[in-house]
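Beneath this line is the structure, given in structure tokens, with notes to follow.
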Amino acid sequence: MADKPDMAEIEKFDKSKLKKTETQEKNPLPSKETIEQEKQAGES
């Protein structure tokens, strides 16, 4: 592996080969309601 990227390689890269993907949240943060429910469940 070279330390510097190969500019010729970058320039000939074809962006059209990339396909658009839908971004999916792998680990969505819980809502405030969910957190409150879990707190209450833990206390009882």
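Including glycine, each Cβ sits where the backbone N, Cα and C put it.
The feature compositional bias 'Basic and acidic residues' is assigned by Swiss-Prot to 1-25, 33-44. The feature SUMO2 cross-link is assigned by Swiss-Prot to K12, with similarity to another entry given as support. Summarising the annotation, Swiss-Prot assigns N-acetylalanine to A2. If you look up Swiss-Prot, you'll see K4, K12, K26, K32, K39 marked as N6-acetyllysine, on the strength of similarity to another entry. Per Swiss-Prot, the feature phosphothreonine maps to T23, T34. The phosphoserine feature in Swiss-Prot is assigned to S31; the stated evidence is similarity to another entry. Annotation source Swiss-Prot lists region 'Disordered' at 1-44.
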Cα of K39 (N6-acetyllysine) to Cα of K26 (N6-acetyllysine), in Å and rounded, measures 23
Comparing the Cα of T23 (phosphothreonine) with the Cα atoms of the recorded positions K4, K12, S31, K32, T34, the shortest distance belongs to S31
T34 (phosphothreonine) sits from K26 (N6-acetyllysine) (Cα to Cα, rounded, in Å) at a distance of 18
Row K32 (N6-acetyllysine), column other C-beta within 10 angstroms, all chains, value 8
T34 (phosphothreonine) sits from K4 (N6-acetyllysine) (Cα to Cα, rounded, in Å) at a distance of 47
Cβ neighbour count within 10 Å, max among the recorded positions K12, K26, goes to K12
CB contacts under 8 angstroms to the residue listed as 'phosphoserine', restricted to the same chain and 6+ apart in sequence, sorted by sequence, are none
For K32 (N6-acetyllysine) and K12 (SUMO2 cross-link), the CA-to-CA distance in whole Å is 48
